[in-house]
């Protein structure tokens with residue numbers, strides 16, 4: 001799967017751009033503020049319905065316009081597919097796939113699986129467990145068709161349970177919701193655990209190339225003590241849940257733990273090593289997607305030269321090329337990427353003041 005055509009209209013400082021990317025490495029270069037990262041952001045927005053840089057979607061709309069429009073043609077095994085997204089300053093969103101209106105943004109994500117390696121994506125290890133849960137759930141969503149419905153049911157029941165706790169409801173009234181909560185939690189936890197086990201098999205080899213002297217152990221924690229029955233835990237923790245007004249333990253507290261010896265990876269590794277570990281996680285996730293459902297991710301790699309030294313840039317780009325996936329990578333100077341590749345980029349684009357030019 002790859003993007004073979006991309007139209008961007010009124011997205012940040014890009015008023016209008018048309019790109020015909022290659023299936024391989026696409027190098028986008030230009031000075032800071034030129035709009036090169038906005039191209040990556042537009043691709044991400046088209047696949048996720050939101051930005052990886054700002055949670056306020058209205059900010060990505062060009063200041064002089066009341067809406068943005070993104071359109072792409074995808075090359076898929078079954079043939080070409082067209083996807084389009086329009087976001088209004090009012091917050092309304094219109095999505096179409098092959099001319100048909102789509103109501104759920106999750107359909108976009110399913111159609112266009114995207115992996116991001118940016119300065120912001122390194123928060124996967126530096127921040128709390130939420131980003132690591134999202135990492136697990138990205139993979140579970142794309143590789144198991146039952147995950148999305150189960151997780152949406154967990155969220156629905158958890159919201160109802162927390163509301164009852166805030167209302168001071170007695171436990172006999174909450175028990176009905178607990179039965180639902182337990183059922184869907186078992187489904188979500190099983191899928192997550194199975195996914196992390198599969199990821200681990202691929203991850204060991206990739207980490208070995210990035211960090212050959214480091215033994216990183218990766219494990220899944222489900223959000224409560226693995227030795228404790230979840231039904232018994234919910235009942236015994238009811239007084240605490242009631243006091244706090246929310247459910248303290250459960251699948252919404254799950255985490256992906258990475259350790260070196262007895263220490264969390266965040267404490268044992270340097271910042272540079274942690275960046276390489278995040279790159280390994282992203283590459284393993286893309287490879288697993290291809291292995292399990294025969295579908296490539298699209299990789300968006302922003303500002304690589306500022307994040308990794310020349311040796312590790314070369315290693316990362318080699319790994320990305322080996323995935324066979326389509327890659328979009330940005331840099332201020334093209335030489336920083338070109339010199340790190342064994343063969344020239346498949347296509348190069350220069351961006352200046354929001355204008356995109358293909359370099360022949």
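Cβ coordinates come from backbone N, Cα and C, glycine included.
What Swiss-Prot records for this protein:
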type    : residues                       : note
BINDING : 30, 31, 32, 33, 34, 35, 36, 37 : ATP binding site
Look up residue 30 (ATP binding site) in the DSSP assignment and reduce it to helix, strand or coil.
coil
What is the set of residues, excluding 30, 31, 32, 33, 34, 35, 36, 37, whose C-beta falls within 8 angstroms of the centroid of the C-beta atoms at the ATP site?
38, 330, 332, 351, 352
